[in-house]
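The structure under discussion appears below in the form of structure tokens.
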């Protein structure tokens, strides 16, 4: 793994977006076959590195943070990859720097490992820091499970064994994942015997070396009691998360279910869960004993990953091979659909500017009021001017404002653009800007909600995808957001009320109904 003066675009063809987070974007990359770098390598590159995932993190600091070899000079074409230290970046970049530091630890102490994502290379340019990662094209853990014709404890133990093997490797390197959940476990390929990889180390920490750089946010389903109470986080915290995953794999629902978020927090802190007879009567006692040991409130009493590698159930020796009750699979399918919707939303609202975005936009443009036909014209100009129909660069955004004859807004273009360039990739979703402007006109009520919804319903089908719901939530007026939305688990509580038929899409009526059932939103949005 090396870092040199080449540009990312010299080595890789970057294509479609695979996923987005609050601070990053992941795209598919294909290694070019005619670049000088490849010719200087060994006879041929492995197939696994020809197709990669490229994760772009916004730029760390104000200068090149990846120092070069002293003997290589400024014109060295290739040098060993170095990583920025915490001193080289501002505190605001700590989260992203943390991911790079943890990935360095993985490269040095874990890779290559069949159950941990591999980092091939790192590039840095004006757009940010690019991590060239192993491409996992086999889908998420739960997606694979619910698509199987046959599902039994044996299949569940097989995937759990792989997660345990990955955890054992990173724990041996003193790395705590801190965000273990189904969406962070991906299959390498679509093959039946594909290995399962643990990925996304953005929230991870190294014991006795780095401090966790973020607090709790979003879902608390997989969060350990010690994390919830802000106690000491250790590798045993990951084992609790594994226990939650295993419980869901064997039942189709999470172990801690409550009427509201506060009750759920208390249940987790007390370790209050049950094996309901109707669901669990067909599950082996070995599996239930394993779950009970993992979901023990005292971290010291939980088994380690190393200990679990020799557990008879994890090894498949005591896992039942009988096909599970179809109702369990059906519940797992419904749970998976809701989980993916929530995950998309939580990823989208992970930014320090999100909840103040519309408020800041109002302060920038003042009393400028867009009429409905102007908003529609703005949409048309975006589509006409922008090379990528949905995403606009700063230059394209300025061209749109000029075409719309909005000279008074042009001086603020860069600042408005920056409000919506959430992952710092140099582009913004034009629909978010449209929602922001429409929110200036209608800052509350059902009309504002419907306006934002229609901005994303581009095919006028009457429903939007889970990713679009997340983006819409991100662009809603500041006044439409409940004051406790950053409270751990609050988004879970809201999104549990959406997607009533679990089809992965949300209609306006479903979205509105969820708002009506949530008193904190109802008072503000629908009053």
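Backbone N, Cα and C define each Cβ position, glycine as well.
Of the candidate ranges 336-357, 358-379, 380-401, Swiss-Prot annotates residues 358-379 with the feature coiled coil.
Residue 279 (phosphothreonine) sits 48 Å from residue 427 (Ca(2+) 1 binding site), taking the CA atoms of both as reference points. Cβ-based crowding with a 10 Å cutoff singles out 427 as the top-ranked of the recorded positions 279, 427. DSSP assigns residue 279 (phosphothreonine) to a helix in the three-state reduction.
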